[in-house]
Amino acid sequence: MARHGDTRSPSPVGSTYSSSRRSRRDDDRYERSRRDDGRSYRRSRSPEKRYRDRERDRDSYRRRDRSLDRRADYRDEDTYRPSRRDRSRDRRRSRDRDDDRDYRRRSRDRDFRSRRDDSRDRARRRTDDSADLKHKSRRDDSRERARDSVPRSREASKPSTPAANTGPTDDEKRAERLAKLEAWKQKQAAEKERKQREAAAAGGTRSILDEIDRKSGLSPAVGSPQSSATPIDAAPASYTGKFDPKAIAKNAAPAPAVKSVLGDDIAVPPSAKTSATFPSTKTEVQANKPSATSSKASSLKVKGNVGSFGLGTKQAADTEKASATKTLGFGEEESTRRKLERLPTPPLDDAKDSNKEEDVTAEDEDDDVDMQDGDTEEENAAAARAAAERREERLQNEARDSQSNGDVQMSDASNQKAPDKMEVDAQEEEEVDPLDAFMSELAESAPPKKTAGAKFAKAKPQQPEALFGDENDMDMTAVGDGDADDFLAIANKAKKKKDIPTVDHKKVEYEPFRKKFYTEPSDLAAMSEEEAASLRLELDGIKVRGVEVPRPVSKWSQCGLGVQTLDVIDRLGYSAPTSIQAQAIPAIMSGRDVIGVAKTGSGKTIAFLIPMFRHIKDQRPLENMEGPVGLIMTPTRELATQIHKDCKPFLKALNLRAVCAYGGAPIKDQIADLKRGAEIIVCTPGRMIDLLAANAGRVTNLRRVTYVVLDEADRMFDMGFEPQVMKILANVRPDKQTVLFSATFPRNMEALARKTLNKPVEIVVGGRSVVAPEITQIVEVRSEDKKFIRLLELLGNLYSTDENEDARALIFVERQEGADTLLRELMRKGYPCMSIHGGKDQIDRDSTIEDFKAGIFPVLIATSVAARGLDVKQLKLVVNYDAPNHLEDYVHRAGRTGRAGNTGTAVTFLTEDQERYSVDIAKALKQSGQSVPEPVQKMVDSFLEKVKAGKEKASASGFGGKGLERLDQERDAARMRERKTYKTGDEGEEEEEKEEKNEKAEEQFNKVLSSVQSAAAPSLPGVPKGIDLDGKITVHKTEKDANGSKNPLDKVGSAVADIHARLSRAGVMRSGVPIDNRGPDAGAFHATLEINDFPQKARWAVTNRTNVAKILEATGTSITTKGSFYATGKEPGPGENPKLYILVEGETELSVTNAMRELMRLLKEGTIAAADSDARAPVGGRYNVL
């Protein structure tokens, strides 16, 4: 920080910045006007031009007048002090630089250095230091020449400048500086006391670090103004900045006697702010002074520059310089204190001229102080942070060393090794290359080290991760130290289907709940049994089984419902309960388990929803993370969506919440809805299991479930769904109330369902598996090619009248491929339609159903996925384009029309080879009271005769399902264990079963290979049935053309070779395929492999560029794909290209054999993969496990 007295104007010492700035400009103008013609050259501010002029024109122009007279004119205390030192650090940075000031500053080395630091960008200061040192040395030479060359008369013409180099002037200045120094010392002592009290009061990390420093013996000499009384070595150990050649020269100059105290003086101070920011000023300024003189001045210099920003700082610096002028002979600039950019750079040549340069040295020191104080506080803060980080690192190293195997403590090592370490550092610093030093300075962004050889500075630099080593080791062990078996176990565990644990209900304490809410009205209680039977007969012939079955109701008011529920029922337009509702609602609200079987469109959904709402409202509200109370499971996603939609009118009125969870939709949304809480969940079994197993069972649970509904129960208990449904029911409390509803309920399904019920009441309305009488059923026997024409006729008749303009038509097919094909054909004929099946995305299925219900398109093509539960208004025509394969499916398909008392038509197409399905259709017609057409009856009779003769097996009702492969394997494993345990004597049968399995596997593979042969191949004698991919590979030697040979024996031999090649089993072409490898570039050996009739995946495997490139690189052969592809059953005609095949050519028989073996392996793998993908493809029209 510059003191206020440094100004050229005659203003007082305390002049302000603005007055200093103004006086300097006036002086500059005066000085410029007094220059002679030789000095009228206009100087530019650019450093390039300035350096060039200095080298070329120093003697001729004599622009740099540094004579003692001129210098003495400005040495007066009132006029010599530069005004720029009055400025604060912030104002200096933003100050304008004008030409007048530049003109003056060029005449003095001090101003030249300061202007250089201010005018350039701060980021370039360090880069230009080495170049500046070079010019500084040249400038010193010019000082001697300037003394003799400048005439004395020039100085005499300045009235404001006193005489130069007078002794009294120097004494007066020295006395004033000493007085100011004493005042500054007192102020600094008080300031340090205050800071120490604040630090002691604050405590914390700073106190701990200070204590560690004291224990380490590294307390610096800046603890007090009087702390340093020993001379300092000229080579500071803390230097890590830019390399300076003059620093090396100065390092060699000092006497070796001062090295003993170097380690004590240059150390890490306890204060981050002081030690990190100002590490090396004391050493640099006092480089070559005697120890007696430098002792006091060094301590004052360091303390003043570090801790104070006022008048005392400058006075201390002046006093120090005045005492050093008689002995310090190096007129060089010092390095900046905060950034450590420069080292003391005394030229060896100028040592003898130290007495003549003492004034210049003093001025240079003033300049150095000025530049040191010009740094920003951000740099100070950054240096302080870096010092704190180094202390943290030292603490960590101490902690690590204390836990190591007998390492010496850090404090002892640093105290013992400091002097020797410093000597090593000094030697290394002298030998360092300038480029290496510069690059290392760029690489090190942290402030320079301040340790005098302390050992902790380099303690274990390669192990910074030791702090977190335990955590990293744990992670690495978990992943990297595992065996291959662990990975296999993890992979197998991930592949397993999500499962839910079985609940032990004996260990769970469930809340009691009430089931019975129904109180029989007096008018119904007074009714006799005969009157009740007559009422059931009037209600479509209701049949009931069970003990104490309630009598059916005839009005909604008799059901014991709440006002809100009755209002919603009235708003929906339900005037009176339907047959199933009249009997099922009283039975369910009485707390009984119920099996309800009723025709399609009879209102079964409302029959189980209304009692559920009453059941839920009787229980306490849900708390956080409690599961639902009512659980409704359906077999299809569309039915789940429809039931959820039917719930919505009641949910708002009763203040309840419901969630619809089904596969295909994003599970995250369903999890979020469940976590918010829902009293009702409508779901499919597969997605329900996923939700129960998600997040270790924390998403939802079944502890609160007391009311369970299985809609379309016969399908839910079929082989496909039964394991999942039973798994879910096993996790619900045993005293739950269970309700089953369906339009069809075979006896075998009923027996299975009764195992989950407790004394159920069975309600059957209109018979089991019966089509509603409101539906007109038409069954026609037609060939496959005439069905589409008949379909167009039916659609044309439907939409021919205006009254059916808004009618809908639903067409059922057996398979997904059939649905897409029929969709394409109908759209070509101009009918707007859509298709729905299990192969489509769920969002497409949902949107298609909604659009169909809204009438956006009138025709929908669907598989049996839309056969159950779908309720569409204005649906007047159902066409079974492909006949259903069992009775229940037919009833549900036909039941999509004629709902809620409306009429409809169901048309079914049968082909002549579908005799098996005709039996169930004829049975449905008879049960619904309709006549069976004669062609259909003939088909039924023919099939029954075949059954009697044992040629056909009678079809069973129900889906039957395909079963689950995993369950079949578990049953087989259990049976095998029993056989081995009990030795039942069936071991022979076991061997026979194994042989049968092997035969089946071989037969399956032969079927795959049989698809390779052409359609006409089996009828040709002598041709193999399939290509033997594991057989012997035949490699032929390439025959060269006999140029112009007319020998008939050669032609016969060639023909015989062709015949043998065509009849070989593997590796060559079959009949009609020539071997066109007799060209000039043909290899010595060749083989062919036909791939035309293999599946597409297999052909891709052997023609893929990547696979072929690998074979070429491994074998060195040539592989060429030739021929043309022909569809299955099509043979190439005369003159056409042969079937697609691969030609392999090579120089050796072994290379061709290896290439053929690899191609056959790829072909076999591709064939098996194609067969597996076909087996995994979903079967259209079937229900899949959700």
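Cβ atoms here come from the backbone N, Cα and C positions, even for glycine.
Feature annotations, courtesy of Swiss-Prot:
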type     : residues                                                       : note
BINDING  : Ala598, Lys599, Thr600, Gly601, Ser602, Gly603, Lys604, Thr605 : ATP binding site
COMPBIAS : 24-157                                                         : compositional bias 'Basic and acidic residues'
COMPBIAS : 158-168                                                        : compositional bias 'Polar residues'
COMPBIAS : 170-198                                                        : compositional bias 'Basic and acidic residues'
COMPBIAS : 272-298                                                        : compositional bias 'Polar residues'
COMPBIAS : 349-359                                                        : compositional bias 'Basic and acidic residues'
COMPBIAS : 387-401                                                        : compositional bias 'Basic and acidic residues'
COMPBIAS : 402-417                                                        : compositional bias 'Polar residues'
COMPBIAS : 963-986                                                        : compositional bias 'Basic and acidic residues'
REGION   : 1-236                                                          : region 'Disordered'
REGION   : 267-461                                                        : region 'Disordered'
REGION   : 954-1001                                                       : region 'Disordered'
MOTIF    : 554-582                                                        : motif 'Q motif'
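Apart from the site residues Ala598, Lys599, Thr600, Gly601, Ser602, Gly603, Lys604, Thr605, the chain places the Cβ of Thr578, Ile580, Ala743, Arg899 no farther than 8 Å from the centroid of the site's Cβ atoms, the recorded ATP location.
All protein chains considered, the CB of Thr605 (ATP binding site) has 21 other CB atoms within 10 Å. For the compositional bias 'Basic and acidic residues' (387-401), the DSSP-based tally of helix, strand and coil residues reads 15 helix, 0 strand, 0 coil.
Local packing around the Cβ, expressed as the count of other Cβ atoms within 10 angstroms, is greatest for Gly601 among the binding-site residues Gly601, Gly603. Taking the motif 'Q motif' (554-582) as a whole, pLDDT averages 92 in the prediction. Counting residues of the motif 'Q motif' (554-582) by DSSP class, helix then strand then coil, yields 18 helix, 0 strand, 11 coil.
Counting only same-chain residues six or more apart in sequence, the Cβ atoms lying under 8 angstroms from the Cβ of Thr600 (ATP binding site) belong to Ala743, Val771, Ala772, Val891, His892, Ala894, Gly895, Arg896, Gly898, Arg899.
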